[in-house]
Structure formats: C-alpha cells, structure tokens
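The feature domain 'ABC transmembrane type-1' is assigned by TrEMBL to 126-396. What TrEMBL records for 435-660 is domain 'ABC transporter'. As annotated by TrEMBL, transmembrane segment applies to 6-25, 46-67, 87-108, 120-144, 156-173, 226-247, 253-269, 336-361, 373-395.
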Amino acid sequence: MSLDDIAIIVMSLTGSFGLATLVYMSKVLTQIINKKRSYRSIGRRGIASFLLSVIFMTGLGFGMYRIPYLLGHHPSWSQLTEWGPPSLIPAAITLYASMVIFYVYSLLIAYFPQQNEKSWFYLGTLSILGGASNTLIIFCINIAISGSRAELSKMFLYFTLALTFYIISQVLVRKKLISIANELIYTKRMTMIDIFLRSPYNKLEKIESGRIYSSLNNEMEIISEFANTLITVLTSSITLIGCFVYLGVLNLYALLLLLCVLVLIVLVYQQQSGKLDAIWEKVRDLQNTFLDYIQDMVGGSKELSINKKKSKQFRGDIEASCNDYMEQRIVGEVKFAYVTILSEISFIIIIGAVVFLFPYLFKSLDISTMQSFVYLFLFMIGPITVLSSAVPNMMQMKISWQRINQFMSDLGSLQISQTDSAKLTTGAQPNQTSLELIDVHFNYTSDNGESFMVGPINLRFNPSEISFITGGNGSGKSTLAKLITGLYSPTKGEIRINGNLVESMQLGEYFSTIFSDFYLFKRIYGVDMKQKSPLVAHYLKLLRIEDKVEVKDGAFSTVKLSTGQRKRLAFLVSYLEGKPFCLYDEWAADQDPEFRQYFYEVLLPELKKEGKCIIAITHDDAYYDVADQLVKMEFGKLQKVERCKVGISRANQLIFSNNLNE
Ligand SMILES: Nc1ncnc2c1ncn2[C@@H]1O[C@H](COP(=O)(O)OP(=O)(O)OP(=O)(O)O)[C@@H](O)[C@H]1O
C-alpha cells in the first residue's frame, strides 16, 4: 500500500468521523439553545482538567507537526510534500481537525451535561481511540527498541502522547460507564420492586424467597460488573485489532498463523459455552436453594438454638446444600479455567513457532523483525487474557439477565397495568359499606396433586356489624379471609361492595387487616399522620403500651416488643388506616385473658359504633355472643351462618366509653 493510499484512507475515515461529530455537536448546541442542557459549574478541579486538556491538545498538534521527522530523511512538511504524495497534508489536517472537533464536542457535553445522558457516540469513540492509543504504545516501543538512539528520542513524544490519551480515555470512559451501569441496575431493581409490590399475592406466595433475594441482589450484582467488562472488552478488542493490523504490515503469514489460533480458541469456547450455560444455570438454582436455607436459619434461629439435635440436623442439610453449590461452581469455573489456559498457552505456542520455525520458513527474516513479532505477541497476551477472562463474566451476566427477566415475567407484569390505580371506586363510606360474596369458589392446586376447595360461599357483611368466622384447623377460614380481602381471586363467583362488582386486586383498598402471620413495619405506611398525635396517644394508652412505644415522625420508636404488644400496634395501625372493613385473623390469640376480653367487649364494639364492618376469625367461643353474625366453616364450606339477635350483650362498653372520656 502506497503512502498516498494510506493518506487517502486516513482522510476519508477521519473526515467522516469529523462530520459525524459535527452532527452530534450541532444537536448538543441546539439543546443548549433550547435550554435542555444547562451549564454546570466546573470548580477548581474542572479548571485544572481543562488546562491539562489544552496542554494535551497542544502536544497532539506538536506531534502532528513532527510526523515528517519520523520518516527520517524528510525532516519537514515542505520537504515531505516535495517528496511525498499531495494527499499527505490534507490527511494530516483532516486528522487533527477531527480530533479538535471531538475535543470541543467533549467539552460541550462535559460542561453542559444532561440528566441520565448515555452519549454512546462519545463513549464508543473514546474507547476506540483508547484501544488505538494502546496499540500506538507498542508500536512506539517496538520502533524505539529496534532503532537507533535518535529513533528513541523521536518516539518518546508519541509514546507520551499515546500513554496520556490512553489514561484520559480510560478514566473518562470508566467513570461514565460505571454510572450508566449503576443507573441501569437501579432502574431494573426498582422495576422489579414495583412489579413485586403490585403483583397479586397468590403469585408472590408461590415464589421461593431465595429466588427473590437472589434476583434482587446477587443477580443484580453480577450485572453491575457489566460496565467494567464492557470497557475491558472494548479496549482490549480495539488494541488487538490494532496489533493485527501492525502484525499484518510486519508479516502477513504471522498474522494468518495468529488468526488460525484465534479461530481455534473461539471454536473451543463455542463448543464449551452450551455446556457451561447449563452448568451455570444449575449453579444459580443451587444458590437459590442455599439462600432458602439461610432464610430458614434466620427465621428459625430460636428453634435451632434451643434444640441442639434440630440444629445439628439442620446444619447437615445446609452443609449439603452449601456443598452442592460449591461443587457445581467448581465444575463451572474449572471448565472456564481450561479455556483460559488454552488461550494463554496458544500465545506462547505462537511465540515459540515464530522464534523457532519462522527463521527456517522465511529465510529473509531479520532478527529485528523477529524481535518485533515477539514483543508484539507478548504485548497481545494482556488483552487476550483480559478477553478470555471476560467471556465467563459475560456468560454469567447473560444468565443473570435471563433469570431476572424470567423472574419478572413469572411475577406476571401483565396484571399490573390493569390494577395500577386501585381506588375506592364505589364511593365507600365507613358507615355504609356492605360486602357480598356470591357463589364464591376457590381451590388450591398443590405440587403433589392434592387440592383443597373453598366454596360455594354466599355471605353478606354489613356495616356496623361484627362477624365472626369460626371452624376447625384447616377448615378454610384464612383462605376465605384471603378471598374476602382480595389476596386471592375467586376461581368462580363474584364479590360486590354496595352492590358493585369489585376486582380482587381492588378489594384490599377497602380493608384494614391483621393476619395471624402479620408483619409490623416500623414506619406507619399509608396513613397521613398529620394532626394524628392526640389520637395516637389516646390509642397507645387504650392499648396499654403507652409506656413502651411512642410514635415520632410517622414511625414507632421500636417494634422490638412481645408478640401480643406488636399485635396491639398493628391494631393501632388498622385503626389509623380508617378503612370501612377490618379483618382480624385470630388477633386475640396472643393476648392475655384480660386484654382478650377487652378486645372483644370494648375495642370491637367501638369500631362497630364507628360504622365499620368487622370480620374476625376466632376460636374464642366465650365471646361468640359479641357477634352480629357467626359463620362456621368446615372442609372449605359454610357449615352454618347464624344471625345473632343481640350483638353486644356485655355491659363493659360503659368502661370503654368512660375510658374515652378520660
Ligand atoms: N398456600 C397454600 N397452598 C396450598 N394449599 C393450601 C395453602 N394454604 C392452605 N392450604 C390448604 O387449605 C386448607 C385450609 O387452610 P386455611 O389456612 O384456610 O385453614 P384455616 O381454617 O385458616 O386453619 P387454621 O385454623 O389452622 O388457621 C389447608 O388444609 C391446606 O390444605
């Protein structure tokens, strides 16, 4: 290839690049004019960076000016034009001009940033130029080593420029990509959390907690490595491509030999990747199982620390799970290691082949060209190792990405949009809201093929009434409660509020609930706490926990209380929520006899007086006469529905009224 050809190629490439940059720059300028970008004060560090960048650009200009000196016998541009082709000067000018345009573009987007700006063009260019400057470094070293002292001093300028640019590009690209990757993780995490929060309970119930933790945390952490991997892959690939070109110029056969070996490595990788995918999928499943055990260990810490035999057996199980996880990881990582070793060894073999075979194959090869080969190959080992170790990371990321998406689709994102804005659509008021279940059916289908059916249920719950749901263990009371509150959707039948059909996902809006396995948040969510302090203070006193807890800034001072006390706080929250329906699942089971009586004979009637419809699951037959309606369940069916003549027969209401007046 003649010097003229090279100059024309350089001119066309850099010219197109300069034009493309101008297009992007005009977009940025328009955004600045339209106030879609605003100036960001740069501070002292910014001024220092700006001055350094000016020094670098001046150095680059000087480097361009000194190019003729590289060619030895033609030390100035004027002599070079007499000797060389006419395209040389336009090529050099285009090259430098495109650099200057890109520099100005970089300054614009740095000083007039846009929120969440990705600027792929900027990042891509910087990475490519970074890779190219890396190749220039080895080029400079090679020339300097194989040349005279005069060559050494000439190359030092270009070596310094290439190294400086490499450092700058790495810092800028890494900084930007790290924030892009973390923003991406943040968005994905929040999307998952949103999907989780809006997904129907019956779907969430079926997902193992280990899978939830690993999707939200572990898999996300793996993906967050994507910025680093992307940068190293990009820079290493560009460096390698530059090395290939340089090698091709030195000796075409050496390049062919290298390409053959690389094709071999890629084939081995491809052949292995299917197997590796399967292995890593299995690793992740085992990780989820292990996380489930951790959840059990934390949740069951009481039981495990009391009972040593239980703890020993549990340890055996968790050890087995940990061991399976470890063994499968070893299998996967060893397979990756084989391929990495293969790629490293291949390079040593290439170097050996060049040193020991090439002198016989190509008699005309001189020692300095051989040295250049060896230096070049040694230099290439770095990027090749980086690339081969990036492959396992990329495969891991691919698997994590697929698993996260699978998790999200399992949660059923489709249902979200339909139920996004659940509101009290029936104009419900606490003292006039009734609920009706008409021919409601539901059935569980468990993995072992067993099923349990609830229904047909025909029931009505009226405002200012207390209904008790009773029945033996496993008779379907909690399932019915989940249907009433919309946690489960009926497989057949309908639920109406004030005569209006209501979707299951909207039912919860009408309810304050305390299930037997309730969770008490430290913060009181979903309640506007403004001007509620007197009410809160009054209820804390009424619930007899005023000396234990206080509410500050919408949160409890502590939730580290006894189970019964925490239930009282949950009751306070349910009261503050002010919903027309209250559902309590065996609320009084953890209360002392005195407070249990207080609950049935004082607290519930008070809610009733406020017009609320109270539905309570209970085994406390001593208080059945408090109810206006008694529902008895058996084997998932209504065995008896009794309307009680007198709702509250106890005189203790008076005590309550007196308490309130205190
Ligand atoms: N998540 C579930 N998946 C599958 N089947 C379930 C599930 N929960 C409950 N069941 C089945 O439904 C039946 C009724 O359970 P439910 O919790 O409604 O009973 P319950 O009357 O509330 O009992 P208890 O008084 O013990 O709380 C159980 O016997 C069980 O077979």
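Backbone N, Cα and C atoms are what each Cβ position is placed from, and that goes for glycine too.
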Given the transmembrane segment (6-25), its same-chain partners at Cβ distance under 8 Å and 6+ residues beyond its ends are 85, 87-88, 90-91, 94-95, 97-98, 101-102, 104-105, 108, 121-122, 125
Could you check if the transmembrane segment (373-395) is in contact with the transmembrane segment (87-108), meaning 3+ Cβ pairs under 8 Å among residue pairs at least 6 apart in sequence? no
Which sequence-distant residues neighbour the transmembrane segment (226-247)? Criterion: at least 6 residues beyond either end, Cβ under 8 Å. 124, 127-128, 130-132, 134-136, 138-139, 170, 173-174, 177-178, 180-182, 184, 254-255, 258-259, 373, 376, 379-380, 382-384, 386-387, 390, 393-394, 397
Under 8 Å Cβ-Cβ from the transmembrane segment (87-108), and at least six residues away from its ends along the same chain, one finds 3-4, 7-8, 10-11, 14-15, 17-18, 21-22, 24-25, 28-29, 32, 50, 53, 57, 60-61, 64, 67, 77, 80-81, 122, 125, 172
